[in-house]
Amino acid sequence: MTLKRNKISVIGSGFTGATTALMLAQKELGDVVLVDIPNMEDPTKGKALDMLEASPVQGFDASIIGTANYEETKDSDLVIITAGIARKPGMSRDDLVNTNAKIMKSVAKEIANYAPESYIVVLSNPVDAMTYTAFKESGFPKERVIGQSGVLDTARFRTFVAQELNLSVKDVTGFVLGGHGDDMVPLIRYSYAGGIPLEKLISKDRLDAIVARTRTGGGEIVGLLGNGSAYYAPAASLTVMAEAILKDQRRVLPAIAYLEGEYGYSDIYLGVPVVLGGKGIEEIIELDLTDEEKAALDKSAESVKNVLKVLE
Ligand SMILES: NC(=O)C1=CN([C@@H]2O[C@H](COP(=O)(O)OP(=O)(O)OC[C@H]3O[C@@H](n4cnc5c(N)ncnc54)[C@H](O)[C@@H]3O)[C@@H](O)[C@H]2O)C=CC1
Ligand SMILES: O=C([O-])CC(=O)C(=O)O
């Protein structure tokens with residue numbers, strides 16, 4: 001028997017792509033190919049070499065290469081797409097749609113050509129619409145094209161709750177549904193600290209404030225950074241999704257999935273709870289929602305549909 005390491009391609013070697021490449025390698029999830037456009041080839045090679053030189057210090061075994069040649073992605077097991085522009089203060093994620101759709105189409109075609117059996121995880125914004133674009137352009141089955149939003153949004157929610165209660169983040173769980181925009185839907189009813197419903201531990205006013213901060217969590221970082229958007233927590237979120245797929249963990253995570261009737265929506269990619277494992281999205285979990293929660297999800301789905309209309 002010949003054992004082989006996973007091959008993971010990360011498209012886009014900017015803030016999120018490079019950080020993700022390092023985290024994947026540090027966790028020894030596979031050999032990493034970092035890809036960018038031709039005029040970014042040298043910086044991409046430089047970042048990859050710099051990361052590789054960290055491997056003896058930290059003691060991880062993974063090759064990391066930088067390239068502008070998609071041939072290097074041949075037969076990747078997993079491809080993570082971070083290529084595209086990021087927003088600046090004053091912009092919404094949806095303002096990125098036209099530029100990033102063009103990039104996503106070309107990247108998805110390259111992946112379909114060189115890594116037709118791979119799983120695709122999309123980060124580029126507006127991510128619900130970009131995941132839809134990657135699905136259509138790649139022609140891959142829906143379970144192999146997944147978007148990242150909920151792990152990050154939930155992580156922000158968990159961070160703020162842990163700060164509020166002065167408890168370990170490890171004991172705080174949360175669930176954020178819907179599109180990755182300011183009308184995402186954090187579900188308090190399904191969120192706990194050490195198994196205790198949050199509503200029993202935090203006042204309604206404080207919970208409302210935490211929900212509001214979660215919804216605008218991306219914008220908060222954009223405002224502070226001044227020239228770009230978040231990358232450490234997004235990279236950590238991508239890494240957890242990659243691990244769930246490559247190690248067939250069957251984790252229950254919120255992820256952007258293609259819906260065909262689930263939650264009452266069709267032909268749309270939207271953030272919902274899924275089982276993520278070796279076959280990609282193995283199940284979509286349908287939760288019972290109150291009328292208020294469903295109305296909030298409808299509003300969020302409507303925003304995603306409006307972005308998709310721009311693409312038509
Ligand atoms: N879904 C989410 O939760 C999050 C999404 N994002 C999004 O991820 C994207 C990337 O963000 P950053 O890494 O901070 O941006 P960045 O500007 O630092 O890096 C983007 C990289 O993509 C490259 N690129 C452009 N066209 C390409 C192509 N055709 N092939 C390969 N590479 C290409 C650029 O040269 C650049 O190096 C943005 O759209 C951002 O909004 C960022 C954080 C969280
Ligand atoms: O806010 C942005 O533009 C980047 C992003 O999606 C996030 O950090 O949630």
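Every residue gets a Cβ built from N, Cα and C, even glycine.
Fair warning: this is a prediction, and the values are worked out from it, not measured in the lab.
As annotated by TrEMBL, domain 'Lactate/malate dehydrogenase N-terminal' applies to 7-147. Here TrEMBL flags Gly12, Ser13, Gly14, Phe15, Thr16, Gly17, Asp36, Asn100, Leu123, Ser124, Asn125 as NAD(+) binding site. What TrEMBL lists as substrate binding site is Arg87, Arg93, Asn125, Arg156. The phosphoserine annotation in TrEMBL covers Ser149. Residues or ranges marked as domain 'Lactate/malate dehydrogenase C-terminal' in TrEMBL: 152-309. Annotation source TrEMBL lists active site, proton acceptor at His180.
Structural mapping of features recorded in TrEMBL.
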{"residue": "Gly12", "record": "NAD(+) binding site", "CB count, 10 Å": "26"}
{"residue": "Gly14", "record": "NAD(+) binding site", "CB count, 10 Å": "19"}
{"residue": "Thr16", "record": "NAD(+) binding site", "CB count, 10 Å": "28"}
{"residue": "Asp36", "record": "NAD(+) binding site", "CB count, 10 Å": "24"}
{"residue": "Arg93", "record": "substrate binding site", "CB count, 10 Å": "26"}
{"residue": "Leu123", "record": "NAD(+) binding site", "CB count, 10 Å": "29"}
{"residue": "Asn125", "record": "NAD(+) binding site", "CB count, 10 Å": "27"}
{"residue": "Ser149", "record": "phosphoserine", "CB count, 10 Å": "31"}
{"residue": "Arg156", "record": "substrate binding site", "CB count, 10 Å": "23"}
{"residue": "His180", "record": "active site, proton acceptor", "CB count, 10 Å": "28"}
For NAD(+), whose listed binding residues are Gly12, Ser13, Gly14, Phe15, Thr16, Gly17, Asp36, Asn100, Leu123, Ser124, Asn125, the greatest C-alpha pairwise distance in Å: 17
Please list the binding-site residues from Asp36, Asn125, Arg156 whose Cβ falls under 6 Å of any atom in ligand 1. Asp36, Asn125
For the domain 'Lactate/malate dehydrogenase N-terminal' (7-147), the number of residues DSSP places in helix, strand and coil: 72 helix, 25 strand, 44 coil
Greatest Cα separation in angstrom, residues Arg87, Arg93, Asn125, Arg156 binding substrate per the record, works out to 19
Roughly how many Å lie between the Cα atoms of Ser149 (phosphoserine) and Thr16 (NAD(+) binding site), rounded to a whole value? 13
For ligand 2, list the binding-site residues among Asp36, Arg87, Arg93 whose CB atom is within a distance below 6 Å of it, in sequence order. Arg87, Arg93
Mean pLDDT, the domain 'Lactate/malate dehydrogenase C-terminal' (152-309)? 97
Count the other Cβ atoms sitting within 10 Å of the Cβ of Arg87 (substrate binding site), across every protein chain shown. 18
How many Å lie between the Cα of Asp36 (NAD(+) binding site) and the Cα of Arg87 (substrate binding site)? 19
With Leu123 (NAD(+) binding site) as the reference Cα, tell me which of the recorded positions Arg87, Arg156, His180 is the closest one. His180
